[in-house]
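Novice: My structure is below; once you've seen it, I'll send some questions.
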C-alpha cells in the first residue's frame, strides 16, 4: 500500500496525481486520521485466520464481493462517478482488495487529499465521518470484499456535511485521539 498527498487537477482521476515534489504518507499518519490498514493473503481469503480474527474482533458479520470493471458493472461510468463524489458514511467503510487495484482518497486535517493506492492483499478501514472518495486506477479493474457490521447501509452523504452527527463525532474523535496509536499494521 502506498499513500501520498495528492496533487489536485482536472486530469483523469485514474492517474496517480503525485505531487511535485511527492510527499508520501506513512501508515502512522493514516492512523492519526483513523484510517486502519492490514496486509493479508488475498489468495486464501476464505481460510485466512487473520481475516477471521479481524472480522470477529470488529464485529463484521456481513460480507459480499464486488467486481468493478467496465465489463462487469452496468452503468459503469455513472457508478464510478458516484464513488468519486466526496462523501461520508454513518458507518466504517471496510474494503479488502482481492484482485486489481484502485485509489481511496481521504481528507487530512488540513483538508488536503491523501491518495491511498490499494492492491491485492490490502485491507483498509475508513472511519465513519471521514470525507473520502474512490476510483479505479488505469487498470480499470478491482475485486473488493466489502465487510459490514450487520446489514449493509449504502447511504452516502455528499459534502458538505459539517453538521451531520457522524461528522461531528469524527472531528471530536480525531481531535482527542491525535497521535494515539491504533491497532493495525
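Heads up, the Cβ atoms here are built off N, Cα and C, so glycines get one too.
Annotations for this protein, taken from TrEMBL, read as follows:
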- 87, 89, 93, 132: Fe(2+) binding site (BINDING)
- 87, 89, 93, 132: Ni(2+) binding site (BINDING)
Novice: For the recorded Fe(2+) site, whose residues are 87, 89, 93, 132, find every other residue on that chain with a C-beta no more than 8 angstroms from the centre of their C-beta atoms, and list them by sequence position.
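Specialist: Neighbours within 8 Å of the Cβ centroid, excluding 87, 89, 93, 132: 88, 126, 130, 131, 133, 156.
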Novice: In the structure shown, with every protein chain counted, which of the binding-site residues 87, 89, 132 has the densest set of Cβ atoms within 10 angstroms of its Cβ?
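Specialist: Result for the most crowded candidate: 132.
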Novice: Give me the long-range Cβ neighbours of residue 93 (Fe(2+) binding site): same chain, 6+ apart, Cβ under 8 Å, in sequence order.
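Specialist: Those within reach of residue 93 (Fe(2+) binding site), by Cβ under 8 Å and sequence separation of 6 or more, are 125, 126, 132.
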